[in-house]
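A.B. asks: So Swiss-Prot lists these for the protein:
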BINDING   51-54, 181-184, 204-207, TYR222, 269-270, 359-360  NADP(+) binding site
BINDING   TRP145, SER146, THR147, ILE148, SER149, LEU150, ALA151, PHE152, GLY289, PHE290, GLN291, VAL292, LEU293  substrate binding site
Amino acid sequence: MSSPIQTAIVQTSETSAARLPLRVDRSAPIPQVKSEHHVLVRVLAVALNPNDHKMVTHFNMPDSIAGCDFCGIVTESSSNGTSLSSSAGARLPVGTRVCGALFPYSPEDPDNGSFAQYCVVDARLLVRVPDSWSDLEAASLGVGWSTISLAFSDPNALGLEGLPTQPSHRAKEPVLVYGGGTASGTLACQLLNLMGYTPIAIASNQSSELAMKYGASATACYTSKDCVDTVKSLAGKPIRRILDCITDAESAAICYSAMARSSGTYACLEECPDACRTRRIIKVKEVMGFQVLGVDIKLGDSTYTRLGDQKLMAIGIQWANEIQALMESGQLKAHPLRELPGGWEAIIEGLEMLRNGEVRGQKLVVRIPQE
């Protein structure tokens, strides 16, 4: 008996500067539920992230399904079809609308990505979507919150106090957010406010208003020659914690210059080369949101290779509950969205747009055809 198949966006071996190595495959395998903690989700909508085009370009794995962010409906909660006997089924029964994120860009799990009709996810890292949130809004959250959760709550990263629903920080300490107008930046600003911190955003002049709308207490323009002095003045006290949502030579230089003279922690969302680490006293943490999954990611001699860490997964599970509570209470809002019509092909076209730098201040989202 043949295995069930689905439509999905998969990687190809074709390399071209003009087009990403992706195609629509209408005979991709449907992933199987792996444990009592996992559920099968029918995908309703997906969001596109820069790592989706970066990973298929630099770590190409032909025939592997792509995609991280999603919103969908639980359709199976154990190996026994629609059984509700598992721990996952008890928490998220069949028919529940959920959102979350995967990391399909590793050889260990090539048949499980969000750019597909179905995906398998650990239910402990899923968020139940309230009626007040649309499929597209919910699809935009997974990668963002999982990454921010580790940047904030991992003691080896920023190690912030408390949680959004249980704030314990009282000093209103400034936290610098470089890239405050990005999807990660606007989410970080919202969560920092809820946790009792004071987010100061670095953004372009065009994105300044957006960052302020999402909770930044003040902004500085990264193109200004006075950017660092402005940031220090806005903070009013030494900055000891910085989140860099961009992570390139320019952003690292500004962040390092803005950091307190005595010490501080710099959490970045991409690799920070040694050449950018100009002050040894500053602690650096390259945050990879996929570590909330608690599994090994093996991508050769790169910063993306990480061993599974159950402590980081525990942070992710805790934050999944936090995000759900914030969504239900109306304390969280999605980054501005731009829906791309066209289904499967729109996903590939949208990733090309991201690669070419054609998207600013918006998160690209696509509805998955319900064939």
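Just so you know, glycine gets a Cβ as well, placed from its N, Cα and C.
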A.B. asks: For the binding-site residues ASN51, THR147, SER149, ASN205, GLN291, work out the Cβ neighbour count at 10 Å and name the residue with the minimum.
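C.D. replies: Among the binding-site residues ASN51, THR147, SER149, ASN205, GLN291, the lowest count of other Cβ atoms within 10 Å belongs to ASN205.
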A.B. asks: Might you list, by sequence position, any residue in that chain lying six or more from TRP145 (substrate binding site) with a Cβ less than 8 Å away from its Cβ?
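C.D. replies: In sequence order, the residues whose Cβ lies under 8 Å from that of TRP145 (substrate binding site) (at least 6 apart) are LEU187, TRP319, ALA320, ILE323.
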A.B. asks: How many whole Å apart are the CA atoms of ALA183 (NADP(+) binding site) and THR147 (substrate binding site)?
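C.D. replies: Cα of ALA183 (NADP(+) binding site) to Cα of THR147 (substrate binding site) measures 11 Å after rounding.
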A.B. asks: If you draw a 10 Å sphere around the Cβ of ALA151 (substrate binding site), how many other Cβ atoms fall inside it, taking every protein chain shown into account?
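C.D. replies: ALA151 (substrate binding site) is surrounded by 26 other Cβ atoms within 10 Å.
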A.B. asks: Pop the Cα-Cα gap between GLY289 (substrate binding site) and LYS54 (NADP(+) binding site) into the table, whole Å please.
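C.D. replies: The Cα atom of LYS54 (NADP(+) binding site) is 15 Å away from the Cα atom of GLY289 (substrate binding site).
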A.B. asks: Using the alpha carbons only, what distance in Å do you get between GLY289 (substrate binding site) and ASN51 (NADP(+) binding site) once rounded?
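C.D. replies: On Cα coordinates alone, these residues lie 11 Å apart.
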A.B. asks: Quick one: give me the count of other CB atoms within 10 A of the CB of GLY289 (substrate binding site).
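C.D. replies: Other Cβ atoms within 10 Å of GLY289 (substrate binding site): 25.
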